[in-house]
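Straight from Swiss-Prot, the features:
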type	residues	note
BINDING	166-173, 191-195, 213-216, 283-286, 314-316	GTP binding site
BINDING	173, 193	Mg(2+) binding site
DOMAIN	1-159	domain 'Obg'
DOMAIN	160-333	domain 'OBG-type G'
């Protein structure tokens with residue numbers, strides 16, 4: 001199936017059902033009190049993460065999604081049925097963004113997690129709600145409010161512990177093949193990798209981590225050169241980045257300039273992503289003698305003014321890959337568990353929340369002030385007198 005990691009859809013929550021104006025009419029009760037019921041709430045639209053999905057391709061062909069409308073209220077104090085909620089299944093790792101405001105509504109990072117993206121309309125109130133000791137035959141009702149409508153941008157971000165960065169042909173795909181069972185395409189031309197790949201690495205029995213390989217970056221990627229930087233978003237959830245550097249580029253380019261270009265593109269895309277822990281990994285060390293290799297590594301590290309971890313590997317010959325995988329496993333295990341709890345202060349305020357609350361408060365205030373605990377509909381029925 002084709003890998004699609006972005007889609008724009010339109011979601012519409014159901015409108016609330018309107019309240020009903022009705023009066024009790026029975027035999028011998030021709031002028032009964034009000035009995036108009038409330039309408040039903042409109043259905044809301046939710047996104048739900050499902051581990052059985054791995055692409056957003058379905059949303060490319062079906063862009064409009066609408067929840068059910070709430071039913072109107074009816075007589076005899078019958079409340080209308082609430083509209084059925086609409087639940088859209090998306091892959092784990094999906095991020096929902098309001099396309100108009102660019103507001104991030106939330107991230108779905110665990111199987112079964114649900115996210116409200118469009119809130120259903122509030123039900124209208126029937127005339128029963130407006131009866132009081134001074135208003136015996138209210139003809140007021142309220143209409144249901146419209147459901148929320150959103151233009152929604154869905155982004156699929158891969159969930160991985162380790163992300164690979166580097167120029168095209170640096171050996172990223174070869175490395176992921178060496179340490180996992182993933183089989184991305186490998187060839188001797190640039191941009192062999194066109195979509196992200198995931199691999200599960202098992203350095204020790206019962207212990208593993210996930211590694212992500214994305215298409216290579218080149219200088220000017222932020223302006224759209226090459227495949228651009230659209231795939232960098234898949235590294236946002238990684239806990240550590242491996243910067244793969246070709247120690248002996250076949251085209252004669254300077255590894256120092258290539259490394260600086262990658263860091264520059266990373267900072268242009270996201271300073272937060274650029275600040276993630278990053279290790280330098282020199283690949284294709286089998287092309288140099290050991291003395292020459294050591295000298296070249298020291299020179300590059302010095303010119304880059306690099307003070308972090310440095311590793312040398314040959315992904316093709318699988319030299320140093322096992323040791324690097326073990327180091328990564330120990331590092332990831334030493335990190336505190338990720339906190340995916342949503343901060344209440346960061347919760348999205350939906351467009352109709354204030355309206356709903358104000359409407360309720362207004363009705364409740366009137367209702368509480370005027371309502372008589374001893375009020376009885378029968379007190380205001382027509383008195384029937386039988387004469388002989």
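Each residue, glycine too, has its Cβ placed from N, Cα and C.
Taking the features listed in Swiss-Prot, we show where each one sits on the structure.
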| residue | record | CB count, 10 Å |
| --- | --- | --- |
| 166 | GTP binding site | 23 |
| 169 | GTP binding site | 22 |
| 172 | GTP binding site | 30 |
| 173 | Mg(2+) binding site | 25 |
| 195 | GTP binding site | 16 |
| 215 | GTP binding site | 25 |
| 284 | GTP binding site | 24 |
| 314 | GTP binding site | 21 |
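Taking CA atoms as the reference points, residue 215 (GTP binding site) and residue 173 (Mg(2+) binding site) are 9 Å apart. Calculated from their C-alpha atoms, the gap between residue 195 (GTP binding site) and residue 173 (Mg(2+) binding site) amounts to 11 Å. Residue 284 (GTP binding site) sits 13 Å from residue 173 (Mg(2+) binding site), taking the Cα positions as reference. Looking just at the domain 'OBG-type G' (160-333), the mean pLDDT is 82. According to DSSP, residue 314 (GTP binding site) is assigned to a strand segment.
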